[in-house]
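**Q** Structure incoming, see below.
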Amino acid sequence: MTATALQRTLTHELAQFEGQTVKLQGFLHARRDLGGVQFLVLRDVSGIAQCVGSGLELPLSESSVEVVGSVKAHPKAPGGFEVQVESFRVISAATAPTPVEIPKMEWNVNPETMLDYRVVSVRGLKERAALKVQAELVAAFRDHLMTEGFTEISTPKIVSAGAEGGANLFPIDYFGQPAYLAQSPQLYKQIMVGVFERVFEVAPVYRAEEHATSRHLNEYLSLDVEMGFIEDEEDVMALENRLLAAIMTRLSARCETEFALLGATIPDVPVHIPRITLMDARELVGDKYAHPVGGKDLDPEAERLLCQHYAETEGSDFVFVTKYPRAARPFYAHPDEGDLTRGFDLLFRGIEITSGGQRIHDHAMLMDSIAAYKLNPETLTGYTEVFKYGMPPHGGFAIGAERLTAKLLGISNVRYARAFPRDRHRLTP
Ligand code: AMO
């Protein structure tokens, strides 16, 4: 059979072809010349394969290449098989050496350099593993919500007013009119509850965070959910609980290699994720860990300690923090007794990955809240109007996809959980 008549085999399928001739196509991941004998590692979408040949003229690393050869068991080769090269072809030659050695890259070895050269460094096995896990996570998010009757929506990313308050809006010039990049689909996803009752969106959102931290991006992927006809925020937390369980089930089934490569473990999602009120949480980290509690929210160290407590005492990597005060939540949060709201956060392995809660659905209550937050009601009419038309009690949440991905995989900075991160100092590539 001629090489071109052979079907392409993927590197992860080699075991099925022992003793047979296969055609592999991929990138020249690594190469070694031992005087006449050449070893090359070919990388394709499914993994890597070691190939050995002689008299080959190997191109620069990362060239796309084709190998035709026979598959032999070889315990020391990745995956336990090696391909003995019968013919070798360069499909598209690299014309310059890569600025970083892809197979030798490690996390945190000069991370800025790795991000500078992201167009090619992102091909690294660990780098792409993070993005692959995120892709599966997003697919599981969609699949699970659809089984629960949710409909996917797509809302504007160019908006006339902020949804979340605060100063972190990116202003843009919209044909001479002031506008902003959307901080969140919040107001639109609520409006769409009036259409589909249960909705979700997977889309980037924009936050003009001034500070470069390991948990903040200026553009991140927001996994948003909103559902109508709820009793209270408990229904929303229960939904997120089921959703996370479904996500972890899919990751266990489809991302074993990626988790192994990164030395990470998939968490067990408790049937009932523990809950603690913000007030009790502050007391707990104060009493148990002598961590001073100031401010209206938990600081990053308090989040870490609270997670440590639940990991140690209940074996849970997750904890819901509930009953946030109004001062810590946006105007749309549904009030609860005292000056509290029905808002919650979900912490996972030491960091907040979700905010959510029940929202105000009563028009008069909403207008009062807008006044109490000293917002200009005129800028919000496109949103507040809908509450004149029978909006049901509703609530939802948003998961920061990069934070969840990073914490799942033990990646220290959310920037590596995004293909092309936008941070305080980075607009390219
Ligand atoms: P919030 O502003 O808390 O809530 O954001 C929700 C989740 O998004 C993630 N996140 C970020 N990730 C990376 N970089 C950032 N700068 C960043 N900011 C937030 C976090 C956070 O928990 N509308 C509400 C959600 C809702 O109530 O439905 C909202 O946007 O994981």
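Using N, Cα and C of the backbone, Cβ positions are placed for all residues, glycine too.
TrEMBL labels come from automatic prediction, so no person has curated them.
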**Q** Looking at TrEMBL, ARG207, SER355, ARG359 are annotated for L-aspartate. Which of GLU164, GLU234, GLU312, GLU314 sits in that same site?
**A** GLU164
**Q** Looking at the candidate ranges 46-49, 186-189, 290-293, report the one that TrEMBL labels region 'Aspartate'.
**A** 186-189
**Q** Among GLU148, GLU152, GLU258, GLU352, which is the one TrEMBL gives for the ATP site where ARG207, ALA208, GLU209, ARG215, HIS216, LEU217, GLY400, ALA401, GLU402, ARG403 also bind?
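**A** Candidate in the recorded ATP site: GLU352.
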**Q** So if I take the recorded positions (PRO78, ARG207, HIS216, ARG359, ALA401) and measure from each Cβ to the nearest atom of ligand 1, which come out below 6 Å?
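**A** Close enough to ligand 1 are ARG207, HIS216.
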**Q** Given the recorded positions PRO78, GLU164, ARG207, SER355, state which is nearest to ARG403 (ATP binding site) when distance is taken between Cα atoms.
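**A** Out of the listed candidates, the nearest Cα belongs to SER355.
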**Q** Please classify the secondary structure at GLU352 (ATP binding site) using three-state DSSP.
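**A** DSSP assigns GLU352 (ATP binding site) to strand.
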**Q** So, by DSSP, how many helix, strand and coil residues make up the region 'Aspartate' (186-189)?
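**A** Taking the region 'Aspartate' (186-189) as a whole: 4 helix, 0 strand, 0 coil.
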